[in-house]
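Remarks on the structure that follows.
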Amino acid sequence: MASMTKNMKFVALFFSILILSGFDFVVMNPYGDVASQQAGLIYISVALMLLIVVPVFFSILFFAWRYRATNKKAHYDPTWYHSTRLEFFVWLIPLIIIGCLAAITWDATHRMDPYAPLERISENKSIPKNSKSLIVEVVALDWKWLFLFPEQKIAVVNELVVPVDRPLEFRITASSVMNSFYIPGLAGQIYAMPGMETKLHAVMNREGAYSGFSANYSGKGFSHMRFTFHGKSEKGFDDWVAKVKRQGNCLDRQRYLLLEKPSEKDPVIYFSSVESGLYSAIMNFCVHPNKICMDEVMRINAMGGGGMKGIDRRFLVYDEDYAWEKQR
C-alpha cells in the first residue's frame with residue numbers, strides 16, 4: 001500500500017510538471033525592451049545570490065556526510081571555537097555580493113524609471129530623432145479597462161493596440177478604487193489610483209496578441225479584469241484606428257457615467273470619438289456636470305480658500321450615490 005501511494009505521488013508530480021510546461025513564462029520571455037531589461041536584472045540577481053546559496057547547501061550536505069555517526073575517521077575537536085579564515089569568507093564574500101547587487105539595482109532603478117522617457121527602442125536600436133511617443137490614457141474602472149488615445153481621438157474598452165518599435169507613454173488613473181495596470185511582457189506593473197495620475201514609459205518590440213490584467217485586488221470582479229494587448233505594425237495600427245472610427249460611437253460624459261458603473265466580463269467596446277477633456281474630468285472627479293473639479297478646489301485652496309459662506313457643499317462630495325440621490 002505504501003509503495004502504491006509513493007507511485008501515485010510520483011505520477012501526480014510527473015503530470016504536474018507536464019501541465020506547467022505548457023505555460024508561457026512571459027516575465028522571463030518578454031516582448032518589450034523594458035521587460036527584457038527587468039528579466040536580465042532578475043537573471044543577474046539570482047546568479048549572484050546562488051554564489052552564496054549553492055555553497056551553503058553544499059556545505060550542509062558535506063558536513064552531514066563527513067561527520068556522520070558511522071564515520072569514525074572524522075576528526076572531532078570539541079574545544080574549537082574560531083577560525084579567522086572561515087570568518088573572512090563567511091563575511092567578506094556576502095558583503096561583496098550585496099555591494100554588487102546594490103550597484104546593479106541602483107543603476108537599473110534609475111535606467112528603468114517608469115516616469116522617465118525611454119532612451120532606446122531595443123538593445124541594438126536607438127530612438128529615431130523624429131520619433132514621437134504614442135500617448136495612451138488608461139482608466140481602471142469596475143471591473144474593466146478604458147483606453148483613450150488623445151491624438152487619435154478614440155477610446156476602447158478592454159482592448160489595447162499599439163505599434164511596435166514606437167515609444168509608448170501611458171497616463172494611468174482609476175475611477176473609484178486603487179488598482180494596478182500590468183502587461184507582464186511589456187514592463188512592470190504600475191498602480192492606478194483615483195484622483196491621481198501615474199505614468200509608464202515602455203516600448204513593444206514584437207507583433208502579436210498578448211494579455212494584460214489588473215494586479216491589485218479591487219472587488220468581486222477583479223479576476224475578470226483583463227484585456228487583450230496587441231502589437232502591430234504602423235500600418236496595422238492605422239488600420240485598427242480606422243476600424244474604431246468606423247464602428248464606434250462618441251464617448252461623452254453621459255456615456256462614461258453609464259460605463260463606469262460596476263460590471264463584469266464586458267466585451268470590447270469601440271468609441272469613434274471622445275469628448276474633449278474627459279480624461280482630466282475623470283481624474284479630477286468632475287465628470288458629472290454639477291461637480292467642481294479637484295484641481296479647481298486645490299487652486300482655490302492654494303489662493304486662501306473661498307470661505308464657507310456661499311459654497312454648496314454638495315459639489316464637494318465625491319460619492320455619487322450619497323451626493324446626488326440622498327441630497328437631491
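Placed from the backbone N, Cα and C atoms, the Cβ positions cover glycine too.
If you look up TrEMBL, you'll see 19-116 marked as domain 'Cytochrome oxidase subunit II transmembrane region profile'.
Here the domain 'Cytochrome oxidase subunit II copper A binding' (131-243) has, by DSSP, the following mix of helix, strand and coil residues: 13 helix, 60 strand, 40 coil. According to TrEMBL, the domain 'Cytochrome oxidase subunit II copper A binding' annotation covers 131-243.
Through the fold, the transmembrane segment (40-65) approaches residues 27-28, 93-94, 97, 100-101, 104-105, 108 of its own chain, all at least 6 residues removed from its boundaries and within a Cβ separation under 8 Å. Residues or ranges marked as transmembrane segment in TrEMBL: 40-65 (among others).
Under the heading transmembrane segment, TrEMBL lists 86-106 (among others).
Confidence in the domain 'Cytochrome oxidase subunit II copper A binding' (131-243), given as mean pLDDT, stands at 93.
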